[in-house]
Amino acid sequence: MTTELHDDASGRLIVGLDVPTIAEAEKVVEELGNAVSFYKIGYQLVFAGGLDFAKSLVAARKKVFLDMKLLDIDNTIAKGVENVAKMGVSMLTLHAYPKAMRAAVEAARGSDLCLLGVTVLTSMDNADLREAGYFDNAETLVLKRARQAHEAGMGGIVASAVEAQAIRQAVGPDMAIVTPGIRPAGSEKGDQKRVMTPADALRAGASHLIVARPIVGAPDRKAAALAILKEMRSIGRS
């Protein structure tokens, strides 16, 4: 299924709750208040009770991106996706392998769950791909997987904003392009290698931006989020 691409920046900013405990996640959400409506929950928080926390966010009318990067045999993927669809979360990731994506799309049919195919992690560059046994460079592999996700009927993909413009040209206007590795000007890259500022990512064609450390690690989290939202609104719909 496709997902609505929000014109309002608050629906396009996804804050990554990359924290070790539910208590810390609750503190982040409380501090951000009404400024942020969309949160990403990944492995770190899932293994600390994050699935129940995801349900509580949904009950509080927040949107949840469950970043599980699933990859397994078709039947296992399908059964897992069926249960995730019942949780009421908005987005779920799986690795962009054709058979897995097709199984997931069929399992999510009739629900509001937007399935996202993960192309190449933003922490990886061409040298990392060669070490892992891939012969394609990052952009070639990203575009190949983006096209496969589109053909499978996925709602969107996860990819670096560096490749967003080429992806948008390849898959058209309807798929979500969700971009991690977003760093405001002057921020440190951390362990990310293919990064971009919020404004540049939107200009390149990204539909949603994932921001974690620049907000969660800021002394004033709400001020950091509002600054990014202001930058996003200055660009408008890409």
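We number each residue from 1, going along the chain as drawn.
Keep in mind that glycine also has a Cβ here, set from the backbone N, Cα and C atoms.
The feature substrate binding site is assigned by Swiss-Prot to Asp18, Lys40, 67-76, Thr122, Arg183, Gln192, Arg213. The Cβ neighbour count for Lys69 (substrate binding site), using a 10 Å radius over every protein chain in view, is 16.
Residues or ranges marked as active site, proton donor in Swiss-Prot (evidence: sequence analysis): Lys69.
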Of Asp18, Asp67 (the binding-site residues), the residue whose Cβ has the fewest other Cβ atoms within 10 Å: Asp18
